[in-house]
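Asker: Sharing a structure, written as structure tokens. Questions coming.
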């Protein structure tokens, strides 16, 4: 009776474990009617428990599945009688589809059927594990993994599920361990014994669960990876910041970070004489996580084709030489938003009304429903900035309106001090904004920052996006570089803003001269920096390694004062890495003029430079060494067998036998100093349950103590020796 | 490679077992002494079957058996024999004493005067006795099994230490276990089993075996093991006087014959360990402090066996 009861308990817990697998389905997938599966499991396990004949169980299970399917999918539509042929028809159809491996065409009904079959198998497995094998650990462990993975990577909250699983899992394992012992020792169960086992077991499990539940828990080491996964599931249009996204142009920049996957969807085709970046919008407030707008929507200004746009990027005065140009844009998708070059003057397009969101400096088309893919010409002034004018400005003489200055030098209060310190360090030695910002622009390439779209970190709740990039990851894409540059520039007091848009794209015609046709895809989505110089206007900068924004400067001043002698800001191909170059230099000097002290110095220098690496390598090696030593029982015997495989001289008998003694000692059978081999061998044989050690020892004693030396004694005894060595494998 | 008992030895042991139930160990040790030409000192109370055993041994060998009951008034000549004037022959005629036998039981040796004791002990050592200037060779084989009452008993003359050295082994017999004693009673109920014992070997055979025992190989490592053990007795904190080199020799000889008895032609450390206590314990003198603490010589020897490393490698010569 008691035994039946505890079997029932086992089944109950087994049911709970499987149930944990089904529970999340309702929340995470569009599975409905979960209660049907619940019912099915209940009945299947009950019949298992009651040990009904398998034919009966088969029929009942089949019937439940059949009627469940019918109830869910057909009953409403076709009625009781009409459903049957429909069901059969659908089953046959699906089966054929399955044979053709067209998995996507399988209907929900058939999938449900497969799921039922899976559950059926599970219920059988549970019965097998519980009753036949008396082991549930693997299933318990898998359940835990399943639940924790779901908890981590999906919105499913498994807090209670973990508790349920742990409690029922441990109870089950405890009960099963008891039964395993009983069966091993062939003990009859008596009621009292069972309760003596069960009460402390339940006590332990409950108390430890309570303690675990009440105990304080450390925060996770990694930031929650859920955003990655959720965004991965959703479309790129609907992207949530911080996840793996398809690369491309998005509007919400409040949470930056995370990896991108390339997306070469064509966005627009541009015909232009000089390739240039295409702006889409700008933002000004850095929150520590991303970009937002400082002001409410100021509404839009409307204008029509040919009308001068109400937007001025830079002043038209002696500081900026302009050249009027025309580019043509053909959008490839129905996007209201349109792109424009720096220095935009007007749009030319037939009958399309435009609007400008002044806050964002974002142009869009007031859509008529039918104009899906607009084509337009943009007329713009290509500027050449006077470096003379630019270098005249510094923190003390900019004379900017304080509201404007504050708006574009805004930084979050939580910004770590080390960012500001870094900014000061970078700009030190330059007394004007232009040289300072050029210094910041080039900082990333100089300092070994890496451009990558993958493995890009997302800042944790307490981390700053820029701080993380500057000091920890040093790896990212345009958003990282541009945002970091702005934060550094603003820290240095230079007004800057964040610009989003596209790079010039890929030229698809011609040889590089004259008017080119460029394909701009989502991969060309980009962000960069504009800095404001009084008397000149917004000037673009490109901090991202590997990119260049061709901006022309007129060098109308002494060359010395400019940090770069190039006419254009170039992509920092000229990367210098002074920090890393140092040690190589050191070693070179050491080897060229050889002397011990120098060698010593260079060694010490290398040690100083890499001490962290060295220490961690030493620790790792020590750890591996320790582990190997601790686990030597698993490999050392094999090693010895291998070593002595081809050593057949009789002298090797002695060594081999001593090795065996040593291994036996490690195994826990140590010969006492004053113990003879003969009596030791008896002990070993007693422990191992055979006679091999005595046989081997008799041979060895004859070899050791007797006068006649038999030839080949070792060869004859090798097999015995190998068996004994193998017996010491832990 | 399991070594079987030497078949002849096994027969002798079976014979002894007929009269001495469950005393195989004592019988084996006696044979060890016999085969290596040594003598045995049995320390035990009367009536546990010492005589029976020696007689069974003698009968099995077909050797003549003599028994000397030592009493306080026994004279040396009672042991060795005496020359008596024969008026008919007009000459002294030698009447051999009991020592002229082959297997001799010297019962309660510590009850007689040291003078008489030494008459026996001299004979044991020299294998000859000199009486009135005439040297008489003793029998071959010549095997003495002396018994002594535990020395705490009243009216004893304890054997001097130097004399004890003459015995190859000293052992105790002990009372038979309960069931064995019952068995003993049933056996002696109708007839004495000793009468039924038949010789199983010739004396010539015994001499042959004694010669073979000397040929049993003792490896250098074993010799050094024995010496090492002897040295330990000399340096032991409880021991006043350790084992003499004669003791080491005795142990080696005993081990040889023990190995021979077990059908081996080489000595194992096991043989040495098995015999060490019997060979050594009467050859060491404990310090009086140790005696007061109740420590026995046997215990000291056991300790020494435990700490002396057994040779498990070929000795580097």
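Backbone N, Cα and C atoms are what each Cβ position is placed from, and that goes for glycine too.
So TrEMBL lists the following for this protein:
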type	residues	note
COMPBIAS	A:571-580	compositional bias 'Basic and acidic residues'
DOMAIN	A:470-545	domain 'Transglutaminase-like'
REGION	A:558-591	region 'Disordered'
TRANSMEM	A:34-50	transmembrane segment
TRANSMEM	A:55-74	transmembrane segment
TRANSMEM	A:109-130	transmembrane segment
TRANSMEM	A:137-156	transmembrane segment
TRANSMEM	A:162-182	transmembrane segment
TRANSMEM	A:194-215	transmembrane segment
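Context for these features, please: burial, neighbours, distances.
Answerer: Taken through DSSP, the domain 'Transglutaminase-like' (A:470-545) splits into 21 helix, 31 strand, 24 coil.
Counting residues 6+ beyond its ends, the transmembrane segment (A:34-50) has Cβ neighbours under 8 Å at 7-8, 11, 14-15, 18-19, 22-23, 25-26, 56-57, 60-61, 64-65, 68, 71-72, 115-116, 119-120, 122-124, 126-127 in the same chain.
Residues 32-33, 36, 39-40, 43-44, 47-48, 82-84, 86-87, 108-109, 112-113, 116-117, 120 of the same chain, all 6+ positions outside the transmembrane segment (A:55-74), place their C-beta atoms under 8 angstroms from a C-beta of that stretch.
Long-range neighbours of the transmembrane segment (A:109-130) within the same chain, counting only residues 6 or more positions beyond its ends whose Cβ lies under 8 Å from a Cβ of the stretch, are 7, 10-11, 14-15, 17-18, 21-22, 37, 40-41, 44-45, 48, 61, 65, 68-69, 72-73, 87, 90-91, 94-95, 98, 136, 138-139, 172, 176.
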